[in-house]
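Have a look at the structure below before the remarks.
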Amino acid sequence: MKVRVHELAKKYEIKNKEFLEILKKDIGITVTSHLSNLDEDQVNKIDDYFAKMNMLKVETVEPVKVHKEKKEEKPIRKIMDEDENDEGEGYSQKNNKKAKFQQTKNKKNNNITFEEDGNSHKNKGKKKKGRRTDFILKTVEATPDVVEEDGIKIIKFRGELTLGDFAEKLGVNSAEIIKKLFLKGQMLTINSPITLSMAEDLAADYDVLIEEEQEVELDFGEKFDLEIEDKAADLKERPPVITIMGHVDHGKTSLLDAIRTTNVVGGEAGGITQKIGAYQVERDGKRITFIDTPGHEAFTDMRARGAQVTDIAILVVAADDGVMPQTVEAISHAKVAKVPIIVAVNKIDKPEANPMKVKQELMEHGLVSAEWGGDVEFVEVSAKQKINLDGLLDTILITAEILELKGNNKKRAKGVVLESRLDPKIGPIADILVQEGTLKIGDVIVAGEVQGKVKALLNDKGERVNNATVSQPVEVIGFNNVPDAGDTMYVIQNEQHAKRIVEEVRKERKIQETTKKTISLESLSDQFKHEDLKELNLILRADSKGSVDALRDSLLKLSNDEVAVSIIQAASGAITESDVKLAEAAGAIIIGYNVRPTTKALKEAEVSKVEIRTSGIIYHITEDIEKALAGMLEPEYREEYLGRIEIKKVFKVSKVGNIAGCIVIDGKVKNDSNIRILRDNVVIYEGKLASLKRFKDDAKEVVAGQECGLGVENFNDIKDGDVVEAFEMVEVKRTLK
């Protein structure tokens, strides 16, 4: 009969952690945890050990039976009037403390969904009076944070946990945990985050197990029950969505421009597409949607976002340049997004073009041409000369047919925000790619914590349209604020429903932001106490939210263990007077990307001596900040050998001490040299010279073959025959790389 480790530990009144050590060190039994099973021979061996130690009487231990508790389904709670208190429904009431804890955690982790109740049989045909009951808040049962198995308490560890929350789960006072950590040399507060390893170490003292559990976040639509199931009859063929990827200046935008026969290249800076745009073209009566993603590696996240909404990735590689770093990066994003890749070998019109080299280099990254037995289509094109563009479009349409892409235009629309901005005359504008349904003028829409009503739709040519169907990109005017790029947009039944959803999203994000800010403030305080860590404060301004996100991520990646970038504030729009005042208070530098400071901001910056740096090229900004951070690094020094001196005779000089008569046998010695004294090849002292003389005169430098006299700082035990090594410490310029 098998017995669990914790049962024997309980029997001998020993803590699980100590019991495991005894098993391993003293008895020779290795187990993984308190819940491990022991066979009869092992149990007898343990009993014999403790019998010899004369610790406790041996008692028969019966294995604990596991009783599975039936989970009760959480009831559906309707949203009542604001003054109605429905707190406490659907939560465990086993005991007051546990009920309170369970209630708090469920409120935090339950997934909230909204349902429409207007079609239920019970309410059909009845006129509702009083408060609204057609809008239901449904709670989905969440996994409990604390469970008990075989008499052992198990805490589920999800993501980040504060010390206070962990103490509550353990059922002990926070002060006790703080004291334990203090004795281990860790100073934490009740709001400090704790790591998984810290939690495991602490829990072992209380015979509690920690089980790591990955958080599974439902997306926006699942949380609020906005996803509508498609009927097979409604699914029709839809245009493919294409993302163009590749290295800087390999011709991505030029290729798209050639396909569209419009000029969007001229206004760009530094050869890089700075914003995501989406456009549609037509080939043989079929439409193709192109998403043009930025080409520089700093826009990694924006490119990844483009790959997530795309069906096919076009990898543009210059025939005269071959595979480059951003080419490899683009391949990775396409593979993560699990989308097929078509390689467009561009610039074949150039004399130095070598398409064969491109194919060979891409083979090393898993892209094998269909001609060579692989599954990747290679199309040789020239955007400049408009060579074989039809062949590329045909390849796209053939690939789309194989994928059997379908969409439903007969339901409420769902889309993704590709880009957003605030127009001073029109207001908030969002570039939306419709992914499901049909978006119409007058639709009530929600994207993240922003809502609105569609006032106008503009297609990629800037023409007003009444609706947008699946895979169609449009500019949407009507949001009450600027939505975040990457947010999913949904059409909601009415404005009341939209408002309630936005309120829930706002509350949820506010909780997350508050938690992040608290942790950030604490870590900031710790950093200031830690003198070895230096910080560069920045305020960021850019022309759009997507650019802000890309710039922030690029700059934060420059941080390391010694120097850190701290983003005090980041937003889209012009640099304002308030930005300058904030920078002055925080000791920050203001960075502007594709934006300029206002007149008032410039005057304020001049008075307060706040530095403002602006650029239209993102990598110029990152290079400047990288140089600034490198200057903040503590200098590194390298020892540089100067020479070797042999002591011939030591003279005692009153009021001065011992002076050595020497000869420089190799290299040279300077009057400010660092030295080490060797006796029988053993270093007996290391320090600096106090004096260096030649013919009774002070000397700055003595070279090999010359005699000299020297005195050593704070050392008088020089003897004949000692050897002195002279060296200097040379500062080595450091970089962040």
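The backbone N, Cα and C atoms fix where each Cβ goes, and this holds for glycine too.
Feature annotations, courtesy of Swiss-Prot:
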BINDING   246-253, 292-296, 346-349  GTP binding site
COMPBIAS  69-80  compositional bias 'Basic and acidic residues'
COMPBIAS  95-108  compositional bias 'Basic residues'
COMPBIAS  121-130  compositional bias 'Basic residues'
DOMAIN    237-404  domain 'tr-type G'
REGION    69-130  region 'Disordered'
REGION    246-253  region 'G1'
REGION    271-275  region 'G2'
REGION    292-295  region 'G3'
REGION    346-349  region 'G4'
Take every residue in the region 'G4' (346-349), average their pLDDT values, and give the whole-number result.
94
Across all the protein chains here, work out how many other Cβ atoms are within 10 Å of the Cβ of Ile348 (GTP binding site).
20
For Lys252 (GTP binding site), the number of other Cβ atoms found within 10 Å of its own Cβ:
27
In the three-state scheme derived from DSSP, which category covers Gly246 (GTP binding site)?
strand
Just to be sure I understand the packing, how many Cβ atoms besides its own are within 10 Å of the Cβ of Gly246 (GTP binding site)?
27
Return the count of C-beta atoms lying within 10 angstroms of the C-beta of Asp249 (GTP binding site), excluding that atom itself.
17
Under DSSP, is Ile348 (GTP binding site) part of a helix or a strand, or is it coil?
coil
